[in-house]
Amino acid sequence: MSGFVLAIDQGTTSTRAILFDGQMKVAGSGQKEFAQHYPASGWVEHDPEEIWASVVTTVKAALKNAGKAASDVAAIGITNQRETVVVWDRATGKPIHNAIVWQDRRTAPLCQKLKKQGLEKKFTRKTGLLLDPYFSGTKIAWILDKVKGGRKRAEKGELLAGTIDSFLIWRLTGGKVHATDATNASRTLVYNIAENAWDDELLAILNIPAKLLPQVKDCADDYGVTERDLFGAEIRILGVAGDQHAATIGQACFEPGMMKSTYGTGCFALLNTGSDLVRSKNRLLTTIAYRLNGKTTYALEGSIFIAGAAVQWLRDGIKVIGKAEQSGKLADEADPTQNVYLVPAFVGLGAPHWDAEARGAIFGLTRNSGPAEFARAALEAVAYQTRDLLDAMRKDWKGTSAKTVLRVDGGMVASDWTMQRLADILDAPVDRPTILETTALGAAWLAGSKAGVWPKAKEFAKSWALERRFKPEMDIATRSAKLAGWRDAVRRTLSA
């Protein structure tokens, strides 16, 4: 059997398809961006049809670029932007509304209402999550409430709902399979992570009929086969994981205590806690890292909504840079005597604050502040927010030592300046791997190992290779002063 495995990486701003060969090297790829829709303040939507078209286009491009046919591919692994939801017609496969994206804040009033009813502890105890618009459950409820006839059709069994992976699986299999994996399910706010099942009580609170939801499977499992006429041959779908979980796998963080952080649009740090379902006392999330062979591995997660998006804001919003790649060079030119802080709460603050009403702010500006100081503040904000997460993780999990090593991936980690500043602020080594396509690699490994053409976990972990380790160089006094300034800036940004 061929060792070629195709990863579909459906992200927030673009879709990528990457074909890996039997040595787990990239053989071909395709990428296509798609539109972001902002129908109201705090609202973010995607057109599911555009996402679907981007998947078909990029898969064909990856195969063409590699000079391979669909019949050469042993399996497909899917990884996706999490929490983003689609509700579609069971008969036609047509969405009844645009996908509501993970960044969307429209359900903040519903979350506040549920909090006032004293329900947050119940949701947290069962799902490991907090009552925040970030998660899928309230988004599904909103669509059913706001789309004409939505609730009635849902009760009659005419509709299906799911995260992006479920919608893609449904389309790829020609409507034969409605499924998701445990990691995506764990982000919905209605999945009991201790019992590994949809929670009837939480579904009732949000008035979501269980019949809408997909079957939950292991991350490496049988998700059906693609329709022959899509790519010219049937391809088995054997792996599915949310993007951050796939990155955890791609970084070979299989042992308790191992930690990875992905720096893309947002920043997401996951700490493997093994079979230990840790209840955070510091406003972190408890989530499923992955589920393999029926065994669940848990993680603590810190979610930061704005990381690379702050650099996009520098480029597209205030236009102080022409290209995102210029940010590190510009930051290096900043006046070291200026203490400018950017708190990038453009859509609220994530962990560990979880303040949906907070908004972005800049502190410490002087007449001499310019593009360089803005660039440095944007990049340093990523490091400061990661430090907040690491501190919370160290408080929450007894197995976390002060000798943490952070494995990093995502678009921002190509910047040496950003990675060095991250190591300085964390006071911990930061490891950048040789393969930066860790999210796609993780999805491919799930499918390839299930197909029997790629190695099992232990051998796969041995293949992880370090490109560069960034060691802390900042002195204690400077670090302490910078962190104190950051915490003061955050305090002044919080809504209450």
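Using the three backbone atoms N, Cα and C, a Cβ is placed for every residue, glycine included.
Owing to the predicted nature of the structure, the values given are computational and were not obtained by experimental measurement.
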For the ATP site that Swiss-Prot gives as Thr12, Thr13, Ser14, Gly308, Gln312, Gly411, the extra residue out of Thr57, Thr265, Thr273 is Thr265
Among Tyr38, Tyr134, Tyr290, Swiss-Prot assigns to the glycerol site of Arg82, Glu83, Asp243, Gln244 just Tyr134
Whole-number Å distance separating the Cα atoms of Ser14 (ATP binding site) and Glu83 (sn-glycerol 3-phosphate binding site) is 16
Counting Cβ atoms within 10 Å of each Cβ, the densest environment among the binding-site residues Gly308, Gly411 belongs to Gly308
Other than Thr12, Arg16, Thr265, Gly308, Gly411, the chain contributes near ADP (Cβ within 8 Å of their centroid) the residues Gly11, Thr13, Ser14, Gly264, Gly410
In three-state DSSP terms, Gln244 (glycerol binding site) is classed as helix
Given the glycerol site Arg82, Glu83, Tyr134, Asp243, Gln244, its other Cβ neighbours within 8 Å of the Cβ centroid, in chain order, are Gln81, Thr84, Trp102, Arg187, Gly242, Phe268, Ser303
